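Working notes, structure below.
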Amino acid sequence: MAEQQQQPKHKRTISRYLQQSHERIFENNRKWVESKTRSDPEFFAKLSAGQSPEYLYIGCADSRVPANEIMGLDAGEVFVHRNIANMVPNTDLNVMSVINYAVRHLHVKHIVVCGHYTCGGVKAAMTPADLGILNPWLRGIRDVYRLHEAELDAIPDEKAKYDRLIELNVVESCRNIIKTAAVQQSYQDNQYPIVHGWVFDLKDGLLKDLKIDFEAMLEGIKKIYNLASSPDRRASTTD
Amino acid sequence: MTVTTNSFDRILAGNAIFARRLTLREPELLAKTAKGQAPEVLWLGCADSRIPETTICDCKPGDIFVHRNIANILTPDDINSASVIEYAVGFVKVNRVMVCGHTKCGGANAAMGDDDLGDILNTWLEPMRALRRQHKSELDKLLTADAKANRLAELNVFRSLEVLKQNPIVQKAMAERGLTLHGLLYDIPAGELLVLEDGKTHVTATTETQHRLNR
């Protein structure tokens, strides 16, 4: 009985807490607008004229890796796609349309794939468990493991092995981006975009550049994945 | 800060500043996020560079779980957004899902017409074009291209909320632990985040914003 009486009060507390967290976002938003307008009265007028970001960022959905914050970039500077474990499956219409739009319409100069150590998605992918709808998405990470099985199996330390798989997953996403017609054709015509692979370290907040050799990777995949020229080169129609 | 002409070096310099600030001013936040995440909110928004969710909400790393795609389109058969929703709602256990559309949306503008944007983008935008056809009479009444695209962006948010309501993991979390769904519209010219309610249009917008959105 006592428990039954407490239940509604408990629920009220939770709902009040949630309401506050919800309101906080709107309050913060107003504060941000004020501070931006104070330092640059034209800030929002410039943004409403359009966007011309130099970067496309493809990163993890993880709340601890906010793209603009970790790069020190402002609103308008980076086009962003975030999904579970920063994957770039070549049959995924969602990420493919982001790349296509960023390359063919926004003409971004750099594409960054950013993973992060202690990635829950990579961890989940290597867990021998049925995770429902996540299975097909995370299977891509198991494929990365299979592609680099010899290297990964040779790492005795489990933590080091997990870190390396996170890095290799970023490299594979970069390779998948380079496989697209949009990137190959734009690079052939304009010498951009360049693809970069990074890993964010939650321990110190620093980005580690995996220093992917873009030119070499592009050359390397061309034997099999060359889409630089298509019979009619219909502008912006393929990927 | 050294001014670098190379746009890539600039980012790494920006990150060094971010990391130093975090280490010096908020070491406890850094230590907390290194341990794990417990964000309150899942944000489903547009990839548009002008809407960095954490920045516009003046939030911190660890506050918002994020998926962003072209025109914040949600369809039940998209495995990319579906896996984000599954992970955020089922495992991370966020308390709120916010779908955020925005004014001046390139995707909404493109969906107002039938220009050939290439196979990939045509296919991706089709649900939004279908929405435009479905609401033709309402959209026809609006006077400007901006007003039409803004209304389509709103309708797209409502459609996404419907997709979420039909998602089994979302239904379960709503019933069992009070997960709530919210529709938002970010107005780029004002930098303002507006709450959308039940199919109505920009209810909390200031008079000035409403005037502009309807123009």
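A Cβ is built for glycine as well, from the same backbone N, Cα and C atoms used for every other residue.
From a predicted model like this one, the values you see are computed outputs, not experimental measurements.
Database features, via TrEMBL:
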BINDING   A:CYS60, A:ASP62, A:HIS116, A:CYS119  Zn(2+) binding site
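Annotated features, which come from TrEMBL, shown on the structure.
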residue  : record              : CB count, 10 Å
A:CYS60  : Zn(2+) binding site : 28
A:ASP62  : Zn(2+) binding site : 29
A:HIS116 : Zn(2+) binding site : 25
A:CYS119 : Zn(2+) binding site : 26
Residues sitting within 8 A of the centre of the A:CYS60, A:ASP62, A:HIS116, A:CYS119 CB atoms (Zn(2+) site), not counting those, run A:GLY59, A:ALA61, A:ARG64, A:VAL65, A:ALA85, A:ASN86, A:GLY115, A:THR118, A:GLY120, A:GLY121, A:VAL122, A:PHE200
Among the binding-site residues A:CYS60, A:HIS116, A:CYS119, state which ones have a Cβ less than 8 Å from a Cβ of chain B, giving them in sequence order; state 'none' otherwise. none
